[in-house]
């Protein structure tokens, strides 16, 4: 999986710094400050978001945004090694022996949950249903979070245009003084600038980041499910390693090509 080392912060600071720096270098930074425009953009965006989502979802927006700024790195090689080790223990001492090693094998909650289901005697179908159900709800949760950020990214530019209209109406009503048209027009375009900045520099990239993180976590969980199913079936650890390495290679190639997730031979069986 790709590794983000605070790249969200780096990208935001870099992009915002260049834009703000360009404003100051222009020598007319004062023209880019307009309180009514700020009220329209930020107040309107907040209001539209409150209208669009229920209170329970709105309470999570801080957590969602924080997650988008967090590091996202999944070490599939480490996951495969943990699964192979589980397979070796279960082949040697039986599935119940995993109970004595579960804390040493991994600190990942999802993998621990899968191992515990195996210890508790879940068959392959039950194991898949439980783990795929957990993955489904994780995916839905992440998609809902990205939807809120997408909503903000879509609303801000539209409100920027609305703010421009609000300024154009009184300007066009006062065409007698042609000398004021240029300065007034420049001032009203600040609303569009604010809207584009909020959407394309902040919230649209954050929404995209969440979608990438969701895809990576989903692919990782698919790999873990396949490995856990192999352990439950009593497969040879070497065979499990080879299958999971093939899965990981397909997943990495798929990410690079920006295509759909691998399905073929690793598709969950019902």
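A Cβ is built for glycine as well, from the same backbone N, Cα and C atoms used for every other residue.
Caution: TrEMBL annotation is automatic and unverified by curators.
Residues or ranges marked as domain 'Motility protein A N-terminal' in TrEMBL: 10-85. According to TrEMBL, the domain 'MotA/TolQ/ExbB proton channel' annotation covers 106-222. If you look up TrEMBL, you'll see 7-25, 31-53, 147-172, 184-203 marked as transmembrane segment.
The domain 'Motility protein A N-terminal' (10-85): residue composition by secondary structure is 60 helix, 1 strand, 15 coil, according to DSSP. With DSSP classes pooled into helix, strand and coil, the tally for the domain 'MotA/TolQ/ExbB proton channel' (106-222) is 104 helix, 0 strand, 13 coil.
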